[in-house]
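Shown next, in structure tokens, is the structure this report addresses.
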Amino acid sequence: MKSYGLSLTTAALGNEEKKMAAEKARGEGEEGSFSLTVEEKKALCGLDSSFFGFLTRCKDGAKMKTLLNKAIHFYESLIVKAEGKVESDFFCQLGHFNLLLEDYSKALSSYQRYYSLQTDYWKNAAFLYGLGLVYFYYNAFQWAIRAFQEVLYVDPNFCRAKEIHLRLGFMFKMNTDYESSLKHFQLALIDCNVCTLSSVEIQFHIAHLYETQRKYHSAKAAYEQLLQIESLPSQVKATVLQQLGWMHHNMDLIGDNTTKERYAIQYLQKSLEEDPNSGQSWYFLGRCYSCIGKVQDAFVSYRQSIDKSEASADTWCSIGVLYQQQNQPMDALQAYICAVQLDHGHAAAWMDLGILYESCNQPQDAIKCYLNAARSKSCNNTSALTSRIKFLQAQLCNLPQSSLQNKTKLLPSIEEAWSLPIPAELTSRQGAMNTAQQSVSDTWNSVQTASHHSVQQKVYTQCFTAQKLQSFGKDQQPPFQTGSTRYLQAASTNDQNQNGNHTLPQNSKGDAQNHFLRIPTSEEQKIINFTKESKDSRSKSLTSKTSRKDRDTSNICVNAKKHSNHIYQISSVPISSLNNKESVSPDLIIVDNPQLSVLVGETIDNVDHDIGTCNKVNNVHLAIHKKPDNLSASSPSSAISTETLSLKLTEQTHIVTSFISPHSGLHTINGEGHENLESSASVNVGLRPRSQIIPSMSVSIYSSSTEVLKACRSLGKNGLSNGHILLDICPPPRPPTSPYPPLPKEKLNPPTPSIYLENKRDAFFPPLHQFCINPKNPVTVIRGLAGALKLDLGLFSTKTLVEANNEHIVEVRTQLLQPADENWDPSGTKKIWRYENKSSHTTIAKYAQYQACSFQESLREENERRTQVKDYSDNESTCSDNSGRRQKAPFKTIKCGINIDLSDNKKWKLQLHELTKLPAFVRVVSAGNLLSHVGYTILGMNSVQLCMKVPGSRIPGHQENNNFCSVNINIGPGDCEWFVVPEDYWGVLNDFCEKNNLNFLMSSWWPNLEDLYEANVPVYRFIQRPGDLVWINAGTVHWVQAIGWCNNITWNVGPLTAFQYKLAVERYEWNKLQSVKSVVPMVHLSWNMARNIKVSDPKLFEMIKYCLLKILKHCQTLREALVAAGKEVLWHGRINDEPAPYCSICEVEVFNLLFVTNESNSQKTYIVHCQNCARKTSGNLENFVVLEQYKMEDLIQVYDQFTLAPSLSSAS
């Protein structure tokens, strides 16, 4: 870190001597500048980003805002006087202050300066949280997600973890990553800490998430469960009833259409009883009345909708449809014009308007309307519109020009209609609404300078910044509506494309302003279109302001990139590369590829919980660091080498509050090591006097367990480490950037390493093993393996499988049959990365029947094609001409059978015995296979799985679980085509997934080879024939498709190498940061390896020993903290073949000390929680018992006995 003359300690919190000296040095220039009294400094010292959204809950919230403004001027004046040569804490604190005043551009600027000056910025959770809030405000969701995930990674007990989970839930929901969204909503729901949303509001969003996923019965059950809650807030109840009404109108939940509409109307009427001013409920009610033919009631409801809320393009479009049904074309025209003037991109209104003109025999105007509809990004039937436009144009060409000119028009042309006056009720209503909103908005945002933001975006921000009803005083009304109201109304604006009566309208911009967060369903592939205008302004503001303010002082700036889903991706780039467009990196903050940090705690007493504060002190120890010139992430190959393995352990001082403190998590203090205390200053910006800083603890992996535990005890009765198992000195995990220099284009299709076996001796030749596990070979194809070893592949044929176990379960993935290596959207209009496949289950017998029928059908189709050769050449030329632009849709549906478990030795004895003929390094079980030391079966990893395929069946892109190697043998009779990308390019594919709103780890995706070629990503491509074995090396990315009818068997292998262990642990930590379960329990496995294996490779030994050291310390400190808090630890030893325990809430591995609810313990179900989730559920752990699976003496013995074994060469 760069250290300068003026420190935050001197400016705000230093001792009197330092302050007097500083004041004397400043001399007369201090006069006339802003100054802070001692009391004001004390009031400010505890404020950081964790108060965002909670400041108004203080008794003196208004006075605090005034003080914040004063403090900002004070700090800025000091920075000016020091010519910018101040310590980094100034900028971090300025960022916090500006954030609390909602001046986001200034907050971002200050945070950027802090980042550029502070080398280990990632240790400061409050900084990361504030940065995430700013990115969230600017709708830079991918950046906000990264920042929030890093907060939870470095500090799982961060006091605003619940707020983070809420925001992550919303962002993943907007990105259509519903599984991740649900997980974070559930994590927020179990947290008992204070939050800006109540538990019932969180439950509502979980219910709506089910609805968005089209899990309507689950959504209905969740909504009805909410209605059973006594004293349910009126606004929540109204919105729940609204959603139930709309679902009954749209979905086949019960009975016939008449019954559906009756229930829908009843629910909506009840909703209006709770909230008669809900324009959305009135609109939905109008739709229901229109559906059953109650025209007058529908008109009345639509009128009420316009009166109760902002004018909506949806409403006016529906009114137009109603007029058109009543044969009132002029009134319908006027309503449609209102709709498209409110939202120029309202595809449904343009289509309905085109239908109206066409019905009035005005094809020219109809064509214009259809063209506007087709240009709209919300249009989902472009192909049908295009066909209709061509048909009408052909008709016009056949008509004489005179007939067109002399024809009487029933309606004004589109140009004339556009100029007609809008109904007075619309203009007056819209003008009054905008005026009122602007007035309230200006009052509330008086402290902001970003006045250019739209009303829509201000509402959006206020909701998500926790300025809901609870944030205001009893007599003070929030601007517009409360946060909960906005949250609920946002979710209630549902998909309206499911009623078949007419072409349905989409939400207009006006409607988006009223309901800031339009939640689309999976059918609508137009994610967050409602925020496009605000994103334009915010992204431009973000770029211009930061570049203008920080161009000379920061090494990063913000660059907005627009992507196809209309979300602006923000990229962080070095200032020096601004003029080089090719050097822009997609990373949020460019850092080295991470390992991990363990945080050790110390007790702090007298914790205050008055207003749900964050009881956390940010101790920034300002040691001198040299900022690396190149911040680009290194590849994983070098990320955890022996050079970076620190054998001398320097602990971060991650201090925690007392272990048992009610209504609070383990509120932490983020500290940093004191490399140079003489030239650095420890700054306390917390609410209370700074706690005693824990001295650095230095132990080596070669230290005995006695020395390790003694060093732990020397820290006193400390708190808890976070259980990470890599290094302390590196930031949170990050995907690697693309290797540099990039490969030339001619090397992007490299030849696949292949080995041809002629006999059994070749298969057992030792260099074959070394060739396969060499990190330079991402994949190896061993040709002719089955023949060389005389394997009976017929044991795995479909016929034999049916005879052996015909009722065995098969997981089926229903997919679309795509052309060649491409992946098109269902309409066949564009290539996409998202690969749709739905999961179900069947039996081997039924899938075998499907496989056989598919083959017979293919034979029939082939015969039919041969008989239709007369048009073959024409069809061929047409297809080749269009191959690059579109594909004929709809695509045929096929089914792929996967994850067929062959682990049961009793059922599959012959099959499993046959595989023992394989060489040891590819066997399912062997001493040199790490997965054989897990101690229990992990299906598909240390056991065999089988896939049954038909042509076109695909396994989407992925890396193996925890980056282990993979073995795949093609049984035949058909071939498979493989696509493989080396491990060090997985970061590039992760970026592509993010740009396409996909989760690299959890989503189904099929890469576009053209995108990879443009990004200079090499792709190995080869055919796997029957009897060939494909070895996928550690971390290799791959995707596969069948080009014939075939079966495959597969399992994972873990070579006993440092490279394999390193990648496995890196992925373990990346999974933890991404809130994804690691299938392989690396902590449990590491201890078993120490028990069972003699390791002679120094690199591998050091990594395993380091893991043992970290976990031994974690167990010791956690156990001592529990005992000191009076919490009894009960013995609960492990049994043979017992799976490693995982937290039932967050799915992280839990080692040794298990937190189990009292109820679960008494029922012997043992539902496990990790310490973090246990404390969030029950602040003082009163509802939990702690079970211990290993005696500390046993762990100590394993640790001491695990030593570096002599290598074979040295032994000889």
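For all residues, glycine too, the Cβ spot is worked out from N, Cα and C.
Across the repeat 'TPR 3' (165-193), mean pLDDT in this model comes to 95. The repeat 'TPR 3' annotation in Swiss-Prot covers 165-193.
Positions annotated as repeat 'TPR 4' by Swiss-Prot: 200-233.
For 245-278, the entry in Swiss-Prot reads repeat 'TPR 5'.
The repeat 'TPR 7' annotation in Swiss-Prot covers 313-346.
Annotation comment: Swiss-Prot describes 530-539 as compositional bias 'Basic and acidic residues'.
For H958, E960, H1038, the entry in Swiss-Prot reads Fe cation binding site. The C-beta environment of E960 (Fe cation binding site), restricted to residues of the same chain at least 6 apart in sequence and closer than 8 Å, consists of S966, I1032, T1036, N1052.
Counting Cβ atoms from all protein chains shown, C1143 (Zn(2+) binding site) has 20 others lying within 10 Å of its own Cβ. Taken from Swiss-Prot, the feature Zn(2+) binding site covers C1143, C1146, C1170, C1173, and the record attributes it to similarity to another entry.
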Inset, instruction - Measuring CA to CA, name the entry from the binding-site residues C1143, C1146, C1170, C1173 that ends up nearest H1038 (Fe cation binding site). - result: C1146
Inset, instruction - Fewest other Cβ atoms within 10 Å: which of the binding-site residues H958, H1038 wins that one? Let me know. - result: H958
Legend entry - Secondary structure content of the repeat 'TPR 4' (200-233), with strand meaning DSSP E or B: 25 helix, 0 strand, 9 coil
Inset, instruction - For H1038 (Fe cation binding site), name the DSSP secondary structure in the helix/strand/coil scheme. - result: strand
Inset, instruction - Work out the three-state DSSP category of H958 (Fe cation binding site). - result: strand
Inset, instruction - Measuring CA to CA, name the entry from the binding-site residues C1143, C1146, C1173 that ends up nearest H958 (Fe cation binding site). - result: C1146
Inset, instruction - Give the helix, strand or coil assignment DSSP yields for C1173 (Zn(2+) binding site). - result: helix
Inset, instruction - Starting from the Cβ centroid of C1143, C1146, C1170, C1173, which together make up the recorded Zn(2+) site, report each further residue of the same chain whose Cβ lies within 8 Å of that point, ordered by sequence. - result: S1144, I1145, E1147, V1148, V1150, H1169, Q1171, N1172, A1174
Legend entry - Local backbone state of C1143 (Zn(2+) binding site), from DSSP in three classes: coil
Inset, instruction - Would you mind checking how many other C-beta atoms are within 10 angstroms of the C-beta on C1173 (Zn(2+) binding site)? - result: 22
